[in-house]
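The ATP binding site feature in TrEMBL is assigned to G10, V11, G12, K13, G14, T15, R127, G172. TrEMBL lists 30-59 with the feature region 'NMP'. For T31, R36, E57, L58, V59, G85, Y86, P87, R88, Q92, R133, R144, the entry in TrEMBL reads AMP binding site.
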Amino acid sequence: MRLLIMGPQGVGKGTQAARLAEYFHIPAISTGDIFRYNLKNQTELGKQAQAFIDKGELVPDELTNSIVKDRLAMDDAKGGWILDGYPRNASQVEALDKMLEELDTPLDAVVALDADHDVLMKRMMKRAEIEGRADDTPEVIAKRLDVYTKETAPLLDTYETRGVLVEINGVGDIDEIHKNIVAELEK
Ligand code: ADP
């Protein structure tokens, strides 16, 4: 199973990605998590990405594409994967298309989670308190949502046109949402 999980900040991508990873026995690959790991460990990659992440901007495509390419080439990704937080703009879609073509492994589906703006804001505020992420200040959250609306949301149309989009309501019980996703994927 090769999946993307998409949707706005706070919609529950990470939570559902973890559940799907467990269900399908595939790794959940989150570009945000990879960047945070590198920030924490002050690697070269972390240092290059820091200023962008702190501002809520996208890390430059060249850098992001190359970490995804390396990650998809790892052994545990041979049997499938779920990508969370990538692609986030049209040029990343193109880069991913190229990677998958080279690997001869097409995408099976794109799961799009959605929720109302109010629900998203409430969840983001709660998460900010719990996790204490440096990029969870009101200004940076607003910037990330703005980037999502302008650059990432339009990609859903791309995948819908390709006939791989599965739209799921992201509001409700975590188990129920998981079941809904699996039911749609197994159709
Ligand atoms: P969120 O979806 O809540 O904004 P993520 O953990 O997915 O959080 O991403 C955190 C930050 O990491 C983003 O604001 C961005 O700076 C960077 N990032 C993550 N994924 C990408 C990507 N695909 N392209 C560029 N930057 C990314």
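Every residue gets a Cβ built from N, Cα and C, even glycine.
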Summary of DSSP states over the region 'NMP' (30-59), given as helix, strand and coil counts: 22 helix, 1 strand, 7 coil
In sequence order, those binding-site residues of G10, V11, G14, T15, R133, G172 whose CB lies under 6 Å from ligand 1: none
Integer Å distance between the CA atoms belonging to G10 (ATP binding site) and E57 (AMP binding site): 17
Proximal but sequence-remote residues of the same chain as V59 (AMP binding site) (Cβ under 8 Å, at least 6 apart): F35, Q48, A49, F52, I53
Other CB atoms within 10 A, centred on Y86 (AMP binding site): 24
Winner by Cβ contact number (other Cβ atoms within 10 Å) across the binding-site residues K13, R88, R133: K13
The one of G10, G12, G14, G172 whose CB sees the fewest other CB atoms within 10 Å, among these binding-site residues: G172
Cβ neighbours within the same chain of V11 (ATP binding site) - under 8 Å, at least six residues apart: L113, D114, A115, L120, R123, G170
Site diameter for ATP, Å, by largest Cα distance between G10, V11, G12, K13, G14, T15, R127, G172: 17
Across the region 'NMP' (30-59), average pLDDT on the 0 to 100 scale: 97
Which binding-site residues sit within 10 Å of R133 (AMP binding site) - Cα, from G10, K13, G14, T15, R127, G172: R127
DSSP state at R127 (ATP binding site), helix/strand/coil: helix
